[in-house]
Amino acid sequence: MKYDLIIIGSGSVGAAAGYYATRAGLNVLMTDAHMPPHQHGSHHGDTRLIRHAYGEGEKYVPLVLRAQTLWDELSRHNEDDPIFVRSGVINLGPADSAFLANVAHSAEQWQLNVEKLDAQGIMARWPEIRVPDNYIGLFETDSGFLRSELAIKTWIQLAKEAGCAQLFNCPVTAIRHDDDGVTIETVDGEYQAKKAIVCAGTWVKDLLPEQPVQPVRKVFAWYQADGRYSVKNKFPAFTGELPNGDQYYGFPAENDALKIGKHNGGQVIHSADERVPFAEVVSDGSEAFPFLRNVLPGIGCCLYGAACTYDNSPDEDFIIDTLPGHDNTLLITGLSGHGFKFASVLGEIAADFAQDKKSDFDLTPFRLSRFQ
């Protein structure tokens with residue numbers, strides 16, 4: 001049997017692509033080395049931020065606004081346990097922060113609902129937060145966080161119900177291209193399709209070793225927190241930059257535990273077994289202490305944590321491009337620790353590619369040619 005589309009890697013982007021391509025009427029095969037959602041990639045840990053006024057650059061704003069529309073649509077499938085929670089996101093940092101300047105610029109260019117607060121205004125609205133006098137806050141009222149594992153589970157179930165073939169716990173060991181399309185090799189045999197999407201996350205280099213992606217081990221952890229830090233008390237999700245440039249992110253507390261992680265840093269790794277569990281690196285449990293001590297001093301001890309992996313591109317911008325010499329294979333990788341919020345729209349872009357539709361977005365900034 002020859003498929004219209006084979007998806008290699010059915011985590012964040014692949015799960016979305018499988019759903020949108022199947023919904024469009026294509027004959028799709030989703031594959032994954034594990035059983036998604038799982039703990040082996042970048043999507044576990046329950047929650048991910050979604051920010052609209054994008055500090056990583058204005059080029060992302062059209063993508064994230066479309067992503068939000070798709071997240072809202074997906075959330076309607078889980079109204080009792082919504083995939084998107086509009087908690088608001090407060091971006092904290094020094095007044096001269098380049099990241100916050102990008103947030104403000106994106107908000108202005110796209111007329112987004114962002115409120116600027118000085119240090120006193122931040123602490124008056126959220127007494128749990130402490131910041132120096134030279135800090136500002138940019139509050140995104142319409143942003144919030146996503147239930148990452150629930151989203152993937154929902155997409156996979158919806159795709160299956162729509163008739164998508166799914167081959168999980170079955171690693172793809174090789175990709176071949178010929179005049180008839182794409183063939184993948186797995187331990188279960190070979191499968192053919194007209195087109196392929198490669199969104200294998202951290203370990204894309206196992207299949208495509210020439211791709212400029214560097215896996216980095218990262219951790220996040222949950223700390224003791226009471227109801228003051230919860231959504232019910234209108235405590236927001238947040239990003240925060242310390243005076244030394246270190247960047248943190250976090251979420252409102254749930255079940256008396258507040259999740260926080262450090263965006264920069266981490267350990268460069270070259271194989272899956274190098275991603276050791278949380279607490280096996282000495283700094284894991286204390287990584288968030290500088291932020292907590294200075295900005296959220298009421299938070300208690302570390303309760304537990306987890307390790308994940310970033311698939312970093314050299315410039316930490318996404319890679320969305322066809323493989324050189326193979327226009328029937330789309331590569332989506334290098335999401336560099338800020339990709340999950342875009343999973344919905346990247347899945348839609350992949351489905352459009354499979355249907356020979358021109359993308360509605362300018363994907364030029366994400367081409368591989370920028371590294372040449």
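Glycine is treated like the rest: Cβ placed from N, Cα and C.
Annotated FAD binding site per Swiss-Prot: 4-34, in sequence order, evidence recorded as sequence analysis. In the three-state DSSP classification, Y20 (FAD binding site) falls within a helix. Long-range neighbours of Y20 (FAD binding site) (same chain, six or more residues apart, CB within less than 8 Å of its CB): G347, E348, A350, A351.
Take the CB of C308 (S-8alpha-FAD cysteine) and look out to 10 A: across all protein chains shown you find 22 other CB atoms. Swiss-Prot lists C308 with the feature S-8alpha-FAD cysteine, giving sequence analysis as the kind of evidence.
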Least buried by Cβ count (within 10 Å) of the binding-site residues A16, V28: V28
Secondary structure at D32 (FAD binding site), reduced by DSSP to three states: coil
Proximal residue to C308 (S-8alpha-FAD cysteine) among binding-site residues I8, V28, D32 (C-alpha distance): D32
